[in-house]
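See below for the structure under consideration.
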Amino acid sequence: MKLVVVACLLALSAGTVFFSEEFGSGWESRWVQSSKAEFGKFELSAGKWFVDENTDKGIRTPTNAKSYAISSKVPAFTNDGKTLVVQFTVKNEQNLDCGGGYVKILPEGFDQANFDGQTPYLIMFGPDQCGSDKKTHVILPYNGKNFINTKRIRNEPDSLTHQYTLIVNPDNTFKVLIDNQEVTAGPLDENFEMLPPKEINDPSAKKPEDWVDNPTIPDVNDFKPDGWDDIPEFIDDNEATKPDDWNDEDGEWKAPRKRNPEYKGEWRQKTIPNPDYKGPWVAPKIANPDYVADSELYKIGNAGGVGIEIWQVTAGSIFDNIFIGDDVEEASEFSKKTFAARKEKEPAIKKALDDEEAAKYAQEHGHEEEDYGDYEDIEAREDL
């Protein structure tokens, strides 16, 4: 009897996994690549370096300066009254210069064969970078419009595998984790401009006529020194001499002028802090009559698919380990299974590969290895 009760409790506590993908055997039967001619095709690859070649395989962008779009249909689900977790890994082993890495939740009935950047979506989530602009996008729907996070969320711009997790809660809050570490969290209405602001400046308020908004005033005890204006800015250069080849028929020679070292410029009276300064005037806040609270900001609607849609200058990104469900613990267990080993071992593997390539490059080009840093540094210096 006790065993039955425990089993029932475990069943009740287990979350629902709406979708998971590790790109193992038969992955192509579960995914459809966009049929549009201008789109590149993802390929299955673990990349140039990996912890385990078989388990680390994901779908990779192989061709530069291409758009990519691929999607998988899933049984319809909603996040009504539930937590929603969207999680995946991406490895930008090409040292991504400009492009993104987004996973999208797609609505029921989307056109899978023609899936592209114009296809409506319910969530768009993932890292984006171009030059020095590096961030993570979270885009959520509300009343037929998409709203991007207003507060900047960092990303991980290096070439290791990183895991991105978005958690949307039914209490209208959200979190973003990178490599299982929280990087941002908060209420949806404070991070996405889905609703008008709760407060606005009182339009009827006027700045008082006696408001003092000058932070400084002239120092009445500061006077211009006597003779200040009598000092010229330029004087004759008395050390100059008439050139030997000067032709007086061309005009009388005159000594050139030079800046007067004693000239101090225009005199300006000193200023002091204004004792009556009240700071910039700001209208008082009042409740915004257009603001209406909504307890269902978190709802994304009826979902029916998962997609990856991106454009990149330099290809080489590998997407893997996609998880979508309603239980944070389930997502954590999936992470332990699919990501923990990579997080622990990848840095050393990558460093060993860099050291090996640096040594090989140095030998081939007649450089001493210790003269340079890693392989990428050598290439950069050689380009110079």
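Glycine is no exception: its Cβ is also placed from the backbone N, Cα and C atoms.
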Range among 52-88, 126-162, 348-384 that TrEMBL annotates as region 'Disordered': 348-384
For TYR121 (alpha-D-glucoside binding site), the number of other Cβ atoms found within 10 Å of its own Cβ: 23
Counts by DSSP class (helix H/G/I, strand E/B, coil) across the compositional bias 'Basic and acidic residues' (348-368): 17 helix, 0 strand, 4 coil
Same-chain residues near the compositional bias 'Basic and acidic residues' (252-261), Cβ under 8 Å, at least 6 residues beyond its ends: 231-238, 240, 242-243, 246
Which same-chain residues, if any, lie at least 6 apart from TYR102 (alpha-D-glucoside binding site) yet have Cβ under 8 Å of it: MET124, PHE125, GLY126, ASP128, HIS137, ILE308, GLU309, ILE310
Annotated alpha-D-glucoside contacts TYR102, LYS104, TYR121, ASP128, GLU309, maximal Cα-Cα distance (Å, integer): 18
